[in-house]
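Peer 1: One structure, as structure tokens, below. Some questions next.
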Amino acid sequence: QLTPSSFLRIGQLSNVDLNEDIRELETELPRQHPNEIPHNEKLLSLKYESLDYDNSENQLFLEEERRINHTAFRTVEIKRWVICAMIGILTGLVACFIDIVVENLAGLKYRVVKGNIDKFTEKGGLSFSLLLWATLNASVVMVGSVIVAFIEPVAAGSGIPQIKCYLNGVKIPHVVRLKTLVIKVCGVILSVVGGLAVGKEGPMIHSGAVIAAGISQGRSTSLKRDFKIFEYFRRDTEKRDFVSAGAAAGVSAAFGAPVGGVLFSLEEGASFWNQFLTWRIFFASMISTFTLNSVLSVYHGNAWDLSSPGLINFGRFDNEKMGYTIQEIPIFIFMGVVGGILGALFNALNYWLTMFRIRYIHRPCLQVVEAMLVAAVTATVGFVMIYCSRDCQPIQGSTVAYPLQLFCADGEYNSMATAFFNTPEKSVVNLFHDPPGSYNPMTLGMFTLMYFFLACWTYGLTVSAGVFIPSLLIGAAWGRLFGISLSYLTKGSIWADPGKYALMGAAAQLGGIVRMTLSLTVIMMEATGNVTYGFPIMLVLMTAKIVGDYFVEGLYDMHIQLQSVPFLHWEAPVTSHSLTAREVMSTPVTCLRRIERVGTVVDILSDTSSNHNGFPVVESNPDATQVAGLRGLILRSQLIVLLKHKVFVERANLSLVQRRLKLKDFRDAYPRFPPIQSIHVSQDERECMIDLSEFMNPSPYTVPQEASLPRVFKLFRALGLRHLVVVDNRNEVVGMVTRKDLARYRLGKEGLEELSLAQT
């Protein structure tokens, strides 16, 4: 037994509650933090478990399903719609909250700094302004980074890779907890206000997913409150469908793009999909956009005008000025190529940076220091660029929120300041819509170069932040530069409007970094409110994806791989037909007999060397003539509930007079089943017998040992399994295929390669 004092993890100021695994503590206590963690990308981590997307059809489950009549199923269906509406409303409200708070805090910060700069420009001593700006940024980011690093590290980054893994069937610890949501929302507000090169759109997807997972369970395990509603949905299969709805609602709140949200969930998120789900998810997305729209309209004072559908609104592009002709299509394709190359460069740089971070910057205090450093550097770079820029534009007729005069003549403002001295969302809109001639090419070029490296350095810091908006901003800047140089070349003919090229550049850059095609096309079309550009945007995104994939994979897939997650793609590696189930499976398998001693069960579950989660149940005949054939499969979580409720009889020949467990007992323990160490079994109870026939799944999926790897993979992936039993021709268990056995094989540069498994 561990003493309570040893519950404080070394190096982390978190009290661990008992529901967490005690086993992981024992491995963490002895070793202090090393200076370098050896890490390479050819590893699969063993700390990730699978989710049970396959229902266990034991007798209890079947009895309950048979009791439910047709009208009860109809109420379940109605409940699903109600949950989707609630997901939409709450996601919309969270988005409003983020938007309003960021707007006010950032406005306050910019007003203070602007006043300071204006004061010191007259009487000299601008270094004070720089100091003030950098200090403000660093202190805000410090708070945002401390809460992430010390309270909930899962909330770092955009959260899209984590949600992608969750929907794929990997259980990422703490990913859909209430605590994560709170830290995520506060963290993203602080990092955007702190002036980092980040957007608040990516984290909305994670927030939506957490909201969905919370609402659909009808209770909060973090707050220890059970509302006794939606109990039917307390299992991984149902929770998964709602999480994909939450992700879609997050996208549609962020971009005001409900259809784009559904497609995003389909393309990037969900690994499992059906027709009914589409319609429900679309409903959640629509509700979320509508909620955001109405609340923000009331906030901005025009209650009946629903004009702000998303957190970022690219504004309308009018067709008269902005049409495109057939000879521009090759130009757009060329922009796609540039976007793909730049995106691949961004990903490659970020890859090396993340490897460095995993190896050396793994202590929370170092992570906070790094975040503060980036914040200070971002402010300094912005200040120096504004200071050195001599690009002045007349103030009248321009729509600049905080015009900085600096060394310009009266009635003019510094145009570099509009790019740096603003939240990234506003800068993107300015680049799209400012009239031709608002920006000097030199300004744009310098800005693109600087912002590219800043955004690359910022993604992967220990703050909550998205990569969508910085990518759009980089792309819009070089796209506008491209448009300006085109109109120079063509002596200023009408079709080279820089705003149009800014839009294409933004699409190309974002497509080159995250490699989304379908959903991104629709999101850009919905956010600009213009269908005319559908075709060129699609061309640009396809080119960017093809070119980028030639060099390096997308940013999210890369981060999933760097975290060594056993992620299963749609298809098995193409050259894997030579492998069979016998070579892939794990052996030997720990089997249980149908009527087993309690002591044996407790010993198997307590054995830390093999923390298996599923056990095949075999026939319990002791005589040697009969084969111990496979009878079913029982999960660790089910066994723990059985032991907790003491469902056993004293001798094998007693008839079962025990208290009947209901399915509800299993649902109430979900999702945090207690560890085996917390269950006390006395010496007498160890001699009792436990009958598993009622609780095991009597029809588990099996494959013969000769089945080829692609076939095993298809079965495993399509049904969302967690355990696949391998049997020989006498139906005896010879092995077990789990997610890690399949994720180990993947296509490398030289063909099929096998990853090693590691405990980290």
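Positions of Cβ are set from backbone N, Cα and C atoms, glycine also.
So TrEMBL says this about it:
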TRANSMEM  81-102  transmembrane segment
TRANSMEM  130-151  transmembrane segment
TRANSMEM  181-198  transmembrane segment
TRANSMEM  242-264  transmembrane segment
TRANSMEM  276-299  transmembrane segment
TRANSMEM  331-353  transmembrane segment
TRANSMEM  368-388  transmembrane segment
TRANSMEM  442-461  transmembrane segment
TRANSMEM  467-489  transmembrane segment
TRANSMEM  501-525  transmembrane segment
TRANSMEM  531-552  transmembrane segment
DOMAIN    696-754  domain 'CBS'
Peer 1: Counting only residues 6+ away from its ends, which parts of the chain sit with a Cβ under 8 Å from the transmembrane segment (531-552)?
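Peer 2: Result: 317, 319, 322-324, 328-329, 332-333, 335-337, 339-341, 343-344, 347-348, 351, 503-504, 507-509, 511-513, 515-517, 520-521, 524-525, 558.
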Peer 1: Below 8 Å between Cβ atoms, which of the listed ranges 81-102, 130-151, 331-353, 467-489, 501-525 makes the most pairs with the transmembrane segment (181-198)?
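Peer 2: The stretch I would name here is 130-151.
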Peer 1: Considering pairs 6 or more residues apart, do the transmembrane segment (130-151) and the transmembrane segment (368-388) have at least three CB pairs under 8 Å?
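Peer 2: Yes, the transmembrane segment (130-151) contacts the transmembrane segment (368-388).
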Peer 1: Just give the helix, strand and coil counts over the domain 'CBS' (696-754), going by DSSP.
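Peer 2: Helix (H, G, I), strand (E, B), coil: 16 helix, 22 strand, 21 coil.
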Peer 1: Between the transmembrane segment (442-461) and the stretches 242-264, 368-388, 501-525, work out which stretch tops the count of Cβ pairs under 8 Å.
Peer 2: 368-388
Peer 1: Six or more residues beyond either end and a Cβ under 8 Å away: which residues meet both conditions relative to the transmembrane segment (242-264)?
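Peer 2: For the transmembrane segment (242-264), the far contacts come to 83-84, 87-88, 91-92, 94-95, 163, 166-167, 176, 200-202, 204-213, 215-216, 233, 270, 277-278, 280-282, 284-289, 291-293, 308-313, 468, 516, 518-520, 522-523, 525-527.
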Peer 1: Which residues of the chain, 6 or more past the ends of the transmembrane segment (467-489), have a CB below 8 A from one of its CBs?
Peer 2: 158, 197-202, 254, 312, 331, 335, 338-339, 342-343, 346, 419, 424-425, 427-428, 431-432, 436, 439, 441, 444-445, 447-448, 451-452, 454-455, 458-459, 496-510, 513-514, 555
Peer 1: What residues in the same chain, six or more past the boundaries of the transmembrane segment (81-102), come closer than 8 Å to it by Cβ-Cβ distance?
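Peer 2: Long-range Cβ neighbours of the transmembrane segment (81-102): 181, 185, 188-189, 192-193, 200, 204, 207-208, 211-212, 215-216, 230, 233, 242, 245-246, 249-250, 253-254, 280-281, 283-292, 295-296, 299, 311, 423.
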